[in-house]
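**Q** Before I ask anything, here is the structure I am working with.
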Amino acid sequence: MIICYSCLTVSILLTIKFVPCRFAGIEHQNTKSRVHFSLLDSRQENDTNHFEIAEAKFQKPHNEENTIGTITKFAPSVQEQHSSAVIPMPHFDQNRLEQALRIKGSIDGTEEALYRSLLDHTVYEKDVRPCIHHSQPTNVTFGFLLNQIVEMDERNQALTTRSWLNINWMDPRLSWNESLWSEIKAIYIPHARIWKPDIILVNNAIREYYASLVSTDVMVTSDGNVTWLFSALFRSSCPIRVRYYPFDDQQCDLKFASWSHDITEINLGLNTDKGDLSSYMNNSEFDLVDMTAVREVVTFPSDTNSDWPIIVIRIHMHRRPLFYVFNHIVPCVLISSMAVLGFLMPPETGEKINMIITTLLSMGVYLQSITESIPPTSEGVPLIGMYYVSSLLMVCLATCVNVITLNMHRNGAANQGRHVPAWMQKWILGYLATFMRMSIREPDSIALLKASQSKKSTIRRSSILRDLKRVKNMSNVRAKSKEQNANRECECMDPLVHIYAESIMSCLAADTKPMNGSTIREDFASESTFLGRVVSDGIMPRISASSNSVLTEFETRFRRILKRVYRSLQQHEIREEILDERSRIQWQWQQLASVVDRLLLCLFCTATLFTIICLLIVPVAYRDNDSMLSFLNFF
């Protein structure tokens, strides 16, 4: 064998002695098709077997580009097949020939040999759990690195995270002596070629679980320590606590455990109590408050004899409420404040109810548009849902109370002069109006009417009697002065005035019953005919002894006419008093409605502020208080 090697070397040197260049070795360009060239190393004992492997590899080169180099490397094998022939070398450039002729030590197949030695199917079985003795558990260390919170799905109650897992265990079958393998400390093996613990996400919320895993090669060290690093997009189920939404804190758990092995076979542990946040990317909707890792040992009811270790990654998040405040709460507050304009609008316009109903419809349409963003759960009502319902209820109550105030405003005309109750005048128009800083000032006409009613409507009658007495006294003075004249006669106006005064006084003094309208019209027509005949004929009664009969008839008829005139004036006065009284009553009801409307306006504003404070501010500020939690759980 040594003689063959020597002859082959001499042949190669004689073939290339005319090439004016230096020769250099070339490294193999395809690392995946590494070949055992240990036959060239005199340190290997089993050189014959390795030579056969190298010869087999030589016969099947990987590509045409490396064919020449491969032929050059495996020249001993070729010489063994063609011992008497010299391989003709084609013409190459200087650099390629230099690299092709540096063979010894250029390619080291130790790692590949180690790979084949470790994963030989006669020695290693990937479906068998690694352990020194079958009664001993395999200790698996679990590490979790949170990279990003991708999404929180409130409707489906699922959390999507992008994470990196670091799983480590000991496999004695994958250990080697570094001194025998060129001081190789670690190699990388595809994860599908070795045994791996069947650790899965227990609370997985996606069907294609393994499709989201991005696994890399497994690193194996010389002492049998196996490290498996891989990235995954986990979608885990997370019960959403919607009580304080959108000012809520969420705590989601990712539970990892072995699906097939209990604690007697795989002992799952943690490499640290805190999760790794060194590569965390901030989320636009949630702030990460804290992340902890906890190891728990549970016993399932179906298998009480076995304990199962579970790694719980607990993620504590706080929602950023700025988006919900500007897009959900502020518009609702503005729509609710529009109901205030319904209280300030005058009732005479007839648009109070239309204004409130328009606000109510706007609130309903807005709530319909944002319903999709509220988590659909029946375990609790969120704060924003309570606020929406409270705002809608207050707008409905504002519509009802505006109907009441409108009816109160028209109560005087509708009830045909029904007086305001005394207690309402005292408490509402009196104390409440003063408390609400409202000045109730009566018009001048109503003030005069109240003054006349306080004297029982005697002002006009007493003034008439006073005027008639003054006229009678003046007529008596004139009569006495005229009696001293020679003819002892006077014109018709003096006796007429005298008769007029006496008739009016007798009518006022008499307690006569009022006549109906037809009788007054008939008597007035007959008396008007008589007076017209007297005026047209120029019949003027004079005071004398011969005219007593004419004067008596004239006095009787004129007295009757005066009665009718007085009764007409009296009825007109009564009608005016009734209309004035109704105006006063209607004014009182209007003032009562104004005071009540102002009171309801203050109550509505107070209720709106109270709702905002109690449902949106206080629960957020005192969310950790037990009394506040019990108060909210009441709803």
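Using N, Cα and C of the backbone, Cβ positions are placed for all residues, glycine too.
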**Q** Based on the annotations in Swiss-Prot, which residue of N177, N516 is described as N-linked glycosylation site?
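**A** Matching N177, N516 against Swiss-Prot annotations yields N177.
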**Q** Are C131 and W427, as given in Swiss-Prot, on the same side of the membrane?
**A** no
**Q** Which one of 187-207, 208-228, 229-249, 355-375 shows up in Swiss-Prot as transmembrane segment?
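**A** From Swiss-Prot, the annotated transmembrane segment range turns out to be 355-375.
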**Q** If one measures from the C-alpha of N139 (N-linked glycosylation site) to the C-alpha of N225 (N-linked glycosylation site), what distance in angstrom results, rounded to a whole number?
**A** 11
**Q** Can you see whether DSSP assigns N177 (N-linked glycosylation site) to helix, strand or coil?
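**A** Assignment for N177 (N-linked glycosylation site) reads coil.
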**Q** Of the glycosylation sites N177, N225, N282, which one has its Cα closest to the Cα of C252 (disulfide bond)?
**A** N282
**Q** So among N177, N225, N282, all listed as glycosylation sites, which is physically nearest to C238 (disulfide bond)? Use the C-alpha atoms.
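**A** So, spelling it out, the nearest of the glycosylation sites is N282.
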**Q** For the transmembrane segment (381-401), could you work out the same-chain residues 6 or more beyond its ends whose Cβ comes under 8 Å from its Cβ atoms?
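**A** 242-248, 324, 328-329, 332-333, 335-336, 339, 342-343, 353, 356-357, 359-360, 363-364, 367, 374-375, 600, 604, 607-608, 611-612, 615-616, 619-620, 632, 635.
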**Q** Under a criterion of Cβ-Cβ distance under 8 Å and sequence separation of at least 6, what residues of the same chain contact N177 (N-linked glycosylation site)?
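**A** S222 - these are the non-local Cβ neighbours of N177 (N-linked glycosylation site), listed in sequence order.
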**Q** N225 (N-linked glycosylation site) to N282 (N-linked glycosylation site): how many Å between their Cα atoms?
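**A** About 34 Å separates the two Cα atoms.
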**Q** For C238 (disulfide bond), list the number of other Cβ atoms lying within 10 Å of its Cβ atom.
**A** 24
**Q** Far apart in sequence but close in space: which same-chain residues, 6 or more away, have a Cβ under 8 Å from N282 (N-linked glycosylation site)?
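**A** Spatial neighbours, sequence-distant, of N282 (N-linked glycosylation site): L288.
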